[in-house]
């Protein structure tokens, strides 16, 4: 059954989601202050210092999700809610997103960064209608920066910020910057090592490493697969990887293993900015098979930044070219949904 | 010949360097505005859009170095100046730092990030006396964040910032957080792919990749070398890698190939925060050979974050343990100074 909401209803949901991401981020910052305290302006709270950093994070994670869920349920009692923590605690590991109006939330993406006080962590809030993320709001508390979008109304950095100017995504926008003619050469390639570290030939870690090396090696290297990317970046947050692809800072993001709450908001923002997202795993014929729409619950993602037209090639054609040039160099990853 | 300056002179140099890093960063931001223009609040400047992004960066790089050098020469005419651009344009590729009072500047570290508008770029300004960096100032313009230190007076984030509170480095400071007992397990490992992408067995790219995989792989993997680090991060800026190690966000940074202007300010800040820095390349006996002081011009660096004492182990002992556990897992890199 298809559900529909009016433009005004969607606009209200967008504004609510954006504000909620900032309020949730404030709780994450409070969690950090408990750990750093004050000394030269900061001093440690002895009681808290005795706690384990991982406990604090787990508790903050739960607290933020409870807060976000509570706010959503109060405001939109008829909507469904899927969050990382509630999903993990639930009995089903199925893909739970239906056509119904559904909120999909990661209260803390980049947990390892949060534990270590590295600023690349965020709150991620998406609103999904008929299976498509139509609202996305991402907030980086330490940098006090949002990335957000409402489908059809543009993608923005720092929309509704009281002090900072709102900037359209991608940053280079009129016209958008074309993709490099010899991509992946000239591109920033974003990727993650992830949690699967089994040292097994054919395991995910090795497939990732082989793919990274193909993308990075000199042209002509790796039996012709060398892509000589401009840079390889690993941030430790799938959500922020997508935000930086939407902004144009990263050209290519390739990843397997993350979940719908990690990517739902980012996918909405990326698409609204003009980016392309499909599957990480190359099809049988990487150069001719159709480029499928990404499946939100697939755990396999390849994102290409928004791209402008250039002589003889539209932005979309260039994005598809870069998808194929990436597929040519990467190995298919083995991630599926765990059995119930 | 040993040179000496009074405490007041050094304090003045520190304040000057910190302010200068912010003023130089403003020029980098101006370079970005030329490229992004304004649209929804931003609009493209057509003339500039026709220029190649790389040209703009090269020009900005030169402009910022010229500005910084000019300001230093006006204020301290007797001091020596070494900058990335002036060094590259010079005839000698020798290590030029002597005992004399010397400024060592990278006007733009993280050039690829700057080109792509990814915020992880910075200005790096160090003042070196008797061969030692005694003042360091790093400025991230997009994040409006400084990292700075004057030897003997502490290391700080956002010192002298008009709006933000100054924070001591590392962030967890009283007491400092101990290093993980089973490090590198539990650590964030920061590293870079760099520019040497030759696909050659025994070449730097392969030595780096083998080292990354050893650090990342499960415990027991890689013939016992698996380090199961908590996360692998690649930012694309050696200077900021060091700043994040000083803050405690990264536990270990291992890198070869960068230059004295990339690391001089960061080394000063890291040391003042209580971090350890030595060589990237393991000695013959990684477990027993002495841990040498880093050589500024060596192009080989291994940094460990500031660490607190724990039961039965001082912070310094823990740092040395982590140096050896890293050396055990990494391969010696082949970087030397180019011949004149």
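Heads up, residue numbers simply count up from 1 along the chain you see.
Positions of Cβ are set from backbone N, Cα and C atoms, glycine also.
The Mg(2+) site in TrEMBL is built from B:84, B:106, B:108, B:109 plus one of B:262, B:287, B:289, namely B:262. Each of B:105, B:107, B:110, B:111, B:124, B:239, B:259, B:261 belongs to the same chain as B:84, B:106, B:108, B:109, B:262, is absent from that list, and has a C-beta within 8 angstroms of the C-beta centroid marking the Mg(2+) site. The sparsest Cβ neighbourhood within 10 Å, among the listed binding-site residues (B:84, B:106, B:109, B:262), is found at B:84.
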